[in-house]
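Noted in Swiss-Prot for the protein shown:
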type	residues	note
REPEAT	34-125	repeat 'Solcar 1'
REPEAT	137-229	repeat 'Solcar 2'
REPEAT	238-329	repeat 'Solcar 3'
TRANSMEM	40-57	transmembrane segment
TRANSMEM	100-118	transmembrane segment
TRANSMEM	138-157	transmembrane segment
TRANSMEM	204-223	transmembrane segment
TRANSMEM	244-264	transmembrane segment
TRANSMEM	304-323	transmembrane segment
Amino acid sequence: MDKAERDYWHLRSLEIEEEPRFPPTNVADPLTARNLFQLYVNTFIGANLAESCVFPLDVAKTRMQVDGEQAKKTGKAMPTFRATLTNMIRVEGFKSLYAGFSAMVTRNFIFNSLRVVLYDVFRRPFLYQNERNEEVLKIYMALGCSFTAGCIAQALANPFDIVKVRMQTEGRRRQLGYDVRVNSMVQAFVDIYRRGGLPSMWKGVGPSCMRACLMTTGDVGSYDISKRTFKRLLDLEEGLPLRFVSSMCAGLTASVLSTPADVIKSRMMNQPVDESGKNLYYKNSLDCVRKLVREEGVLTLYKGLMPTWFRLGPFSVLFWLSVEQLRQWEGQSGF
């Protein structure tokens, strides 16, 4: 051992801990086209399995957010989650709870699958081993990668979000005596394009992308961070308990982060337009926030938080357990 090594021996472990090695040598599943395709299919299957169980909660949440406008005009009390569900079943029938499900399935093929695949691609360069041979991903890197992945995926899936919201609110419009606006997913696309052209397909893309960024950060990024944290602090091994706890944390985080943007997105997408395709109620997202806070109060931005959590909590658990189980059956390591 030379003099330099003797003088600075106490700093060697710190240097190994902080200095990442590229490319990571401990990633069990290499980044190949096959693995990316498997992940894409797995997330699509997992998303639809989870969505089939919790979709009625999403419909009720959207109804609550949109009905706030009607309550504001008539002076009536804001509808509760329970009252919304009960009224939908009593007046429109059980099938109203799955209004827009076809658009959601199509959206899952683009949004849910793509955001997870993009996150996996984006995070790979930032994974490294520490001195204990543990795979490490900095928290801010995970959050940044998930934020970016959510934005890109939602920008592509936005037209399906517009159709989904319109299909979910159609029953309420008919109940109030308005003309029929949506009969099917294809007809909804045609009608939106006919009224506003291609730009109308991306109406509300700003708040929609912001919500997707926050939700993906809370869902995908938080799930990844939670798994690594619980492994280290609680000494949990890869398996059902670790996946369940991590997905619960992810669902709660996603709900808290995404609800305000979700309210704005629903109001922007559901508002009518004039013959030239111009919005009639809100000029843009900031105008929507300003009017909501001034006319309905700050808490309106969290209207539907509980049904959002009731939906995203179970969705996150079912989604991640399904994806992880499919990966396990395919002989891959945990996400």
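Glycine residues also receive a Cβ, built from the backbone N, Cα and C atoms like all the rest.
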Q: Could you name the stretch, out of 100-118, 138-157, 204-223, 304-323, with the greatest number of CB pairs under 8 A to the transmembrane segment (40-57)?
A: 304-323
Q: Mind looking up the mean pLDDT for the repeat 'Solcar 3' (238-329) in the predicted model?
A: 84
Q.
Going by DSSP assignments with H, G and I as helix and E and B as strand, what are the residue counts for the repeat 'Solcar 1' (34-125)?
A. 83 helix, 0 strand, 9 coil
(Q) When secondary structure is assigned with DSSP, how many helix, strand and coil residues does the repeat 'Solcar 2' (137-229) contain? (A) 79 helix, 0 strand, 14 coil
Q. Quick one: DSSP breakdown of the repeat 'Solcar 3' (238-329) into helix, strand and coil?
A. 73 helix, 2 strand, 17 coil
